[in-house]
Amino acid sequence: MEPISMLERSFGMDLAAYLSYCFVMRFTPGPNNLMSLAQSRERTFRGALPFLLGLHVSLFSMCTVIYLFIHALEDILPLMDLPLRILGALYLVYLTVRLFMKNGGKKTKTIDSKRLFFSALLLNWTNVKVALFMMVGYTSFLLPGGGGPVWTFLLGMVMNLMCSAANFTWALGGSLLDRFFKAHEKPVSLMIASLLLYSAAKILFPSLF
């Protein structure tokens, strides 16, 4: 606890509250986590690695862009909010239909790694919830702390790492529970697809949820 307390005093922020915010927001079910689980279930954990790498790269680039242009994005994001929500929701519906209707929950033997990688990039960059999560992290926790640009950037990367850790955890869960998924193929597929479609609806109509 002492190193954390020293860091909190030097940075001027509640580090425990920030880490709790990151953990709760990223490990709960959401589009990225559910798609990570679904990809691992369909392709095995190893087969889903290109998808997970795509999520990580897009998270790192998004976190960096938001850090560099946080003040400009606070003005621009409201104008981009609706188009991004529509695009993100439609793309998530497309991925859900393609994932569960085309392959019927069976593992795909032929894996196009590049397409998986870029589908993850597009999924993340059209997920306005991730951008809002990072902007709130910077504006509510990191920037008010006044810890300087280096500390702000490094602690901002915690959001990126927490997102990636959550994606890998959900993907690993999809792989470890493969036997259970096979035994309950239809209800599990229906549950995951329903949660993904619910996520799409929540992105498109946040005021209704």
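Even glycines carry a Cβ here, placed using N, Cα and C.
Copied from TrEMBL, the annotated features are:
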TRANSMEM  15-35  transmembrane segment
TRANSMEM  47-70  transmembrane segment
TRANSMEM  82-101  transmembrane segment
TRANSMEM  122-141  transmembrane segment
TRANSMEM  153-176  transmembrane segment
TRANSMEM  188-205  transmembrane segment
Best-contacting stretch, by C-beta pairs under 8 Å, relative to the transmembrane segment (15-35) and drawn from 47-70, 122-141, 153-176, 188-205: 153-176
Do we see three or more Cβ pairs under 8 Å linking the transmembrane segment (188-205) and the transmembrane segment (47-70), pairs being at least 6 apart in sequence? no
Give residue numbers and ranges for long-range contacts of the transmembrane segment (153-176): same chain, 6 or more residues beyond its ends, CB-CB under 8 A. 11, 18-19, 22-23, 26-27, 32-34, 36-41, 44-45, 48, 52, 55-56, 59-60, 63, 66-67, 130, 133-134, 137-138, 142, 147
Long-range Cβ neighbours of the transmembrane segment (122-141) (under 8 Å; 6 or more residues past either end): 13-14, 17-18, 21-22, 25-26, 30-32, 35, 54-55, 58-59, 62-63, 66-67, 70, 73-74, 77, 80-81, 84-85, 87-88, 91-92, 95, 152, 156, 159, 163, 203
